[in-house]
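What follows is a set of notes on a single structure, which appears directly below.
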Ligand code: KIV
Ligand code: ZN
C-alpha cells in the first residue's frame, strides 16, 4: 500500500539545526546551516527549526538568513518563556514567508523548581508569554518541556492556557527519553480527550532516544492523534539524540498498510542529507543505523545473497533507490573519464561546475592510481574531503613522512604552509599519529584540546581509504575536521589541520564563547 492524499497528513518538523546542533561537538558554521536548511526545504520538510536566536549572534544570523531564503518550509526559532527571548526570535524569523515562534517552559516538578515558580506562577507565565508571541506572529508553538513527567491534571491545565492564549501547535516533548510507546500514545490521547479546544490545534511529538524508543514513541503518538513529528537527520541531538527523520518517514511509508498517514517528504533526498549532516557535524553514522547506515542495504551472508538474487523482497523491505541510494555500486577505475565521473557524482548528489569537476578529476585520478577500484563510498569520501578544504585555508599540509618501528618512539617530519609560507619540523611521539600531531603543534602553537579522534575504513581491503574525524576545543569554541586518504596518517593530519583552520575562521568571526550556546536552554526563566 502507498501513501494517498486522502490519508491524514503528518507534518515533519526538523530540528537538526537546533536540537541537533545543540549536541556537544556538533556545531556547524553559518554556511553549513544555510546549505542544510536549503536541502531540508527542497526535501519537503514542513517546518525547519533553524536555531535558538537569543543563544548567540551566530544563531540569530543563521535563523534570519534561513528565514529570508526559505521557499516552502515554515521557519521556526526557539525561545524560552520570556519576552526578551520571544522578541529576539521574532526579529529573526519574521523575514520568512511562513514564520513560527516556538516558546517552551519545563512543566514537570523537577523543571518547575529551576526558575522556582509555583504552579500558579508558571501558569500565569505561560499565559503571558504565549499571548505575547501570538501578538507578534500568528503561528505559535508552545512546548511543555518534560511533559511525560508532568502531573496529568497540571499538564491539561497549562495546555488549555496555551491554547486559549493563541498557541496553534502544542508540542509534548519526552525531553529525557523516558517514555515508552503505550504511554506516549496514552498521554496524547488523554490530552486530546480532556483539554477544551484541543481539536483546534495540532498536537506534536518530540522524542529523545535515551532508551532507544524515540521512533516508536513518535509513531505511537501519531496513532493517538499527534499530527506533527519533531525529528532530526541521523537522529542527531543531545545525549542519545532525537527521533531520526529518516526512520519515522520511512516507517510511515513502508508500513503505510498499518499506519495510513502521509508526509510531504521526498524520500529520495534522504541519503544526501544524511551524508551532509554527518560531514558537517563530524558525527559519523553508525554502520548498522536503520535506513542510512552503510550496511542497511548490504546482504553479506550466502543465504541472504541467494534469496535477494532470486527475489529482492525475500530480505529487502524497501528499495535503496527510495532513499536516494544508487542500486548498483559499480566501481570506477583509472581509465574512467571526466564524463563518467560527472555522471556518477550527479547520481550521488554532487552537481559540479566545470572548474570544480577539473579539481575533483585530478584527485580522482590520483586516488585511482593508488587504489584499483574506486567505489561510490570512495567518491563520497573524496567529495567530503574536497568540501572541507580550501586553497584559502591558513594552514595547508604540504609534505609528511613518518618513520615507524616496533620499538622506540615514532618520528614524523612535516611541512606545513602557514599563511603561504612553508615551515618544516620533525618530532617524536607515541605512535605515528601522535608524532605527526606534535609536529603540527610545534609549527602552529595553540591551546586547542583534542576532544575526539575517530578513524573508519571507507571500503574493504588493505588499500581502502581511511576517513578521519577530529574535534577540538579552545575556550568554549568547538571545531570539527575531517579528511580521507589511503594513508591513515595523512588523513589524520589533514583532519587535524582542517579542524584548526575552522577554529581560526571562527576566532576571526566571533568573540570567545559567542559561537557556542552561551544561554542555558534548560533555564526556562
Ligand atoms: O527536548 C525538549 O524538551 C526540547 C524542547 C525545547 C522542545 O528540545
Ligand atoms: Zn529536545
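Positions of Cβ are set from backbone N, Cα and C atoms, glycine also.
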*Look at the Mn(2+) binding annotation in TrEMBL, where 19, 206, 208 are given, and name the residue from 234, 242, 256 listed for that site too.*
242
_Cβ within 8 angstroms of the Cβ centroid of 19, 206, 208, 242: which residues besides those meet this for the Mn(2+) site?_
15, 173, 174, 175, 207, 209, 214, 230, 231, 232, 237, 238, 241, 243
_Distance-selected binding-site residues near ligand 1 (C-beta under 6 Å), from 19, 206, 242_ = 19, 206
*So what sits near residue 208 (Mn(2+) binding site) in its own chain, CB-to-CB under 8 Å and at least six residues off in sequence?*
173, 174, 175, 176, 177, 214, 237, 238, 239, 240, 241, 242, 243
*Which whole-number mean pLDDT does the model give the domain 'Pyruvate carboxyltransferase' (10-271)?*
97
*asked:* Long-range neighbours only, meaning 6 or more apart in sequence with Cβ under 8 Å: which ones does residue 206 (Mn(2+) binding site) have?
replied: 15, 143, 171, 172, 173, 174, 175, 230, 242, 243
